[in-house]
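**Student:** Per TrEMBL, the features are:
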type     : residues : note
TRANSMEM : 43-60    : transmembrane segment
TRANSMEM : 81-99    : transmembrane segment
DOMAIN   : 118-215  : domain 'CAAX prenyl protease 2/Lysostaphin resistance protein A-like'
TRANSMEM : 119-137  : transmembrane segment
TRANSMEM : 149-168  : transmembrane segment
TRANSMEM : 180-198  : transmembrane segment
TRANSMEM : 241-264  : transmembrane segment
Amino acid sequence: MSCIMKKIISKYPTLFRFVLATVLFALALFLSGLINKGDLKAYFPYASAILLGIATWLLYKTEKKSLREIGLNFSLRNSSFLPLGVLIGAITFLAAKYARALYTGESFNITETINYSAILYGLYVILPTVAVEEFLFRGYLFKKTIEKSNVIIANIIFSILFMLIHVLDENTMNNKGMMIFLIISIPVGHLLFATALLKSKTLFFPIGLHLGNNWATQHLITDSNTGNSFLYITNNASFDTWSAFMGFILIFNGVFLLVTSIIWKWDYFFKTKGIKE
């Protein structure tokens, strides 16, 4: 049996790596589902992220490599990309919402009574969720796909997969407008996160961007004055025509594409200023 396995591995090494990664990731998610319950889920919802991190470490270990391949070593340079990403992600979302407000005539308001504990707790509970998605969609398999094909093919494959996990939901599929918005916006988000990974060479950057964006949707600016966000919107606009709705989607995603292009030109900006990383 071992001889047969060795022959299969030697004949199809790339396929073996992808199958092994898929099995290990599925096992990590299954085990985390058994562990992540009750008080543990409420107070320490990090089982999935930790187990996926271990699975990723094992995958690189079998190649005689380490997590340095995706920049997950705690050097000052790499770890600094986490808070930087949070800041950029939150500001980008705020800019996109402001662009929408200019387009629709919505108004921003400052929340008078802010629940700071809920806002800080949001960062704590959102972090493991985005870390899981980054391990799955911008981690080992994404880098391996680039290695065996190219960046364009890898981005196409993983942007579609990333989009499907957000769209294949009963509530989303029953809402045509939301489904169209996500089909367009989620691949744009993937492009932002993937570009951040490739330019910074550390997964900390897309994790930070993803965390900043998702936190901002719930705690920086929301559609209601609940006290769980710093800002809220009044006179929320609704779209009566498809042309108006598509205009909003283009403007909203245009902000994210602009930030993506700035990150992509990262080296250019450093070189023109005579600054070295």
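Numbers run from 1 along the shown chain.
Positions of Cβ are set from backbone N, Cα and C atoms, glycine also.
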**Student:** If we call contact 3 or more Cβ pairs under 8 Å (sequence gap 6 or more), are the transmembrane segment (43-60) and the transmembrane segment (180-198) touching?
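**Tutor:** These two stretches do not touch.
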**Student:** Please give the sequence-distant neighbours of the transmembrane segment (180-198): residues at least 6 beyond its ends with Cβ less than 8 Å from one of its Cβ atoms.
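**Tutor:** Sequence-distant neighbours of the transmembrane segment (180-198): 70-71, 85, 92, 134, 137-138, 142, 151, 154-155, 158-160, 162-163, 166-167, 172, 205-206, 209-210, 213, 245, 249, 252-253, 256-257, 259-260, 263-264.
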**Student:** What residues in the same chain, six or more past the boundaries of the transmembrane segment (81-99), come closer than 8 Å to it by Cβ-Cβ distance?
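**Tutor:** Same-chain contacts beyond the flanks: 71, 108, 123, 192, 196, 200, 202, 204-217, 220-221, 231, 233, 251-256, 259.
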**Student:** Can you break down the domain 'CAAX prenyl protease 2/Lysostaphin resistance protein A-like' (118-215) into helix, strand and coil residue counts using DSSP?
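**Tutor:** Its residues divide into 87 helix, 0 strand, 11 coil.
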